Ligand SMILES: Nc1nc2c(c(=O)[nH]1)N[C@@H](CN(C=O)c1ccc(C(=O)N[C@@H](CCC(=O)O)C(=O)O)cc1)CN2
Ligand SMILES: [Mg+2]
């Protein structure tokens, strides 16, 4: 068997086209969605991802402000910049690129972002909304993964989904999203004794452990859907958490790296930013409407 490829580039273009239409409608009403991106330090991968975000904004008509700070910026100074963007009416989305330098606590910074502008969906208010199934911004990477599963028409109800990794930005929200759609979910992590024993039972594996080629073909149930969130820079180049060659011989569906989840992450960020602009516009409209007497 050779797995069918889930093409994240094509799927992200479809999302971007929708976002561009929504942006055009907002602009026609005099509102330009705006995203503020805060980038701290010299992490080269972060610079790549942020450049992609800024370019993507440009392509769909979203205004972006990229603010770059030296790695030595204090937590207080960074918090002050976040708070300034919270007050800025032209900014509808704020994101702080992760990881941050070790002297800055990411949770403290994320907590300072207004939940209404938290287009990364990392604030505890939005994390709580996801947990309870109420309205809020959902993290871009797991939302992109769900979109990919929907795009191939995959029914999650009754399936066994295994998530590799328990990060706040991918593993945990991913598990909740799969659970909320009726899957039976197992999370494997660093302390799981034998990951293969678990993944061989999975109908879907989402690999987000941050370990190059962790999931091999011999750890996959034939026909399973494999979603690779990994983004590892090795001597051999960029590779995912899945050993693509051996996995594709066993799986039913598989995402490539690059060209899989990454482009969908960026597309979901654009979608969240435009949603935020639409919501803020609605609030402003209702607060300026004169009540009927
Ligand atoms: N504030 C945030 N920080 C981080 C997030 C996030 O969602 N918000 N996620 C990751 C990195 N990330 C987005 O920021 C991200 C990673 C990868 C890609 C991507 O398009 N990858 C390309 C390959 C790019 C390359 O050549 O290196 C692909 O897969 O095709 C987009 C976004 C951590 N930090
Ligand atoms: Mg840190």
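Cβ from N, Cα, C; glycine included.
Per TrEMBL, the features are:
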{"type": "DOMAIN", "residues": "6-120", "note": "domain 'Tetrahydrofolate dehydrogenase/cyclohydrolase catalytic'"}
{"type": "DOMAIN", "residues": "139-279", "note": "domain 'Tetrahydrofolate dehydrogenase/cyclohydrolase NAD(P)-binding'"}
{"type": "BINDING", "residues": "165, 166, 167", "note": "NADP(+) binding site"}
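Known features from TrEMBL, placed on the structure.
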residue: 165; record: NADP(+) binding site; contacts (Cβ under 8 Å, 6+ apart): 171, 187, 188, 189, 207, 208, 209, 210, 229, 241
residue: 166; record: NADP(+) binding site; contacts (Cβ under 8 Å, 6+ apart): 172, 187, 189
residue: 167; record: NADP(+) binding site; contacts (Cβ under 8 Å, 6+ apart): 208, 210
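With helix defined as DSSP H, G or I and strand as E or B, the domain 'Tetrahydrofolate dehydrogenase/cyclohydrolase catalytic' (6-120) counts 61 helix, 18 strand, 36 coil. Listed in chain order, the extra residues whose Cβ falls within 8 Å of the Cβ center of the NADP(+) site residues 165, 166, 167 are 163, 164, 168, 170, 171, 172, 187, 189, 208, 209, 210. Under DSSP, residues within the domain 'Tetrahydrofolate dehydrogenase/cyclohydrolase NAD(P)-binding' (139-279) fall into helix, strand and coil as 54 helix, 28 strand, 59 coil.
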